[in-house]
There are 2 protein chains.
Amino acid sequence: MLVTPEREHKLRTVLSRRQPDLTVLMEQVNKPHNLSAILRTCDAVGVLEVHAIPPQKGLPVLEEAEAGKIRTYNDTSGSAAKWVGLRVHPDVPSAFAYLKGQGFRIYATRLSEQATDYRAVDYTQPTCILLGAEKWGVSEEAAALADGHIVIPMLGMVQSLNVSVAAAVILFEAQRQRLEAGLYERPRLSPQQYQAVWEAWSDPRRR
Amino acid sequence: MLVTPEREHKLRTVLSRRQPDLTVLMEQVNKPHNLSAILRTCDAVGVLEVHAIPPQKGLPVLEEAEAGKIRTYNDTSGSAAKWVGLRVHPDVPSAFAYLKGQGFRIYATRLSEQATDYRAVDYTQPTCILLGAEKWGVSEEAAALADGHIVIPMLGMVQSLNVSVAAAVILFEAQRQRLEAGLYERPRLSPQQYQAVWEAWSDPRRR
């Protein structure tokens, strides 16, 4: 027996709620505590796999990222990284080509003239939230390629939120819409995908 | 002239949206990046003043906190601290006595048998969100005194969110309800309160 029945039940419950059509693309997010907080949120709303374009120095908690490969993190601060896949892309055009090829609409979190309130987006459709670097946000290059720009209403003096906070506010709105639409009620992965992830998750070396 | 007309317009717009009856109580939150992210979120949803019970070592970005006094932070990471008041309390009973005296209902973010979904709370009423320390959450003492326990639905493997993420998810739900109820449309402060905050904000030494 690879896992206990209780563990199997827990793993299969979570796996049956994973949403292959909801994700984030992190463009040069570079602080480990933000990356860690974003991964915990992604796990909580059922994201199967996240995407990253690493800063030039490499991903903060992942030393040997290889482009095009799905990796899991091994950071010390939490276990979310073990349950959310990571796909690393070398640059903006590659990331967009991959995501658009998978049918995602990509929304940049960016204050611009064409930006709409994040609550107006239909997150039950295949959706990727594009998050920018802590200091300068989403790049011009990525913003120009995005399908839309979204903003979170800011009613105070400060212009922007912490990146992991912005990600969470949007992802929990997506979770709300997907709960309402019943998208967590039955498995969303194809049988092949489900089996592949199950084999990885139930490996006893994974704790 | 103390401030330019543009600056005055901006300051008065923000001040007219400040919500004296929405706040957070941070019980031993101890990481500066979390405190900073929580303050930015509070600014964005119009919180006038936050409350803290500092860890024994003192507040991370505030060295000379004095119990009972409203202070503003002077951290380097952002300006939100200049626009959100801070009231420090020495311990749980003092904080609760003060907040209950002000008419707040206090909701602890805590997974417990009596916890309800955070979206079921009416945040248009005077509301304080109680946030616990990063490692162990809200204390037993504070949880027992709270008016209710709320949880954010977690659909993954991990049991908890980052504290600044949890605060944001709840506060933006409060913002959504308060926008819908029209609570940002006209000043919520008493004329005396408004004048006192205006004088502090329009002081040219404050940048």
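For all residues, glycine too, the Cβ spot is worked out from N, Cα and C.
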Query = Besides B:Gly132, B:Ala133, B:Glu134, B:Lys135, B:Trp136, B:Ile152, B:Leu161, which of B:Thr23, B:Thr41, B:Thr109 does TrEMBL list for that S-adenosyl-L-methionine site?
reply = B:Thr109
Task = Would you pick out, from the binding-site residues B:Glu134, B:Ile152, the residue whose Cβ has the largest number of other Cβ atoms within 10 Å?
result = B:Ile152
Binding-site residues satisfying Cβ distance under 8 Å to any chain A Cβ, from B:Gly132, B:Ile152, B:Leu161 = B:Ile152, B:Leu161
Query = Can you give the mean pLDDT for the domain 'tRNA/rRNA methyltransferase SpoU type' (B:22-172), rounded to a whole number?
reply = 87
Request  = Looking at S-adenosyl-L-methionine and its recorded binding residues B:Thr109, B:Gly132, B:Ala133, B:Glu134, B:Lys135, B:Trp136, B:Ile152, B:Leu161, figure out the farthest C-alpha pair and report it in angstrom, whole number.
outcome  = 18
Ask   = Using DSSP and three states only, what is B:Thr109 (S-adenosyl-L-methionine binding site)?
value = strand
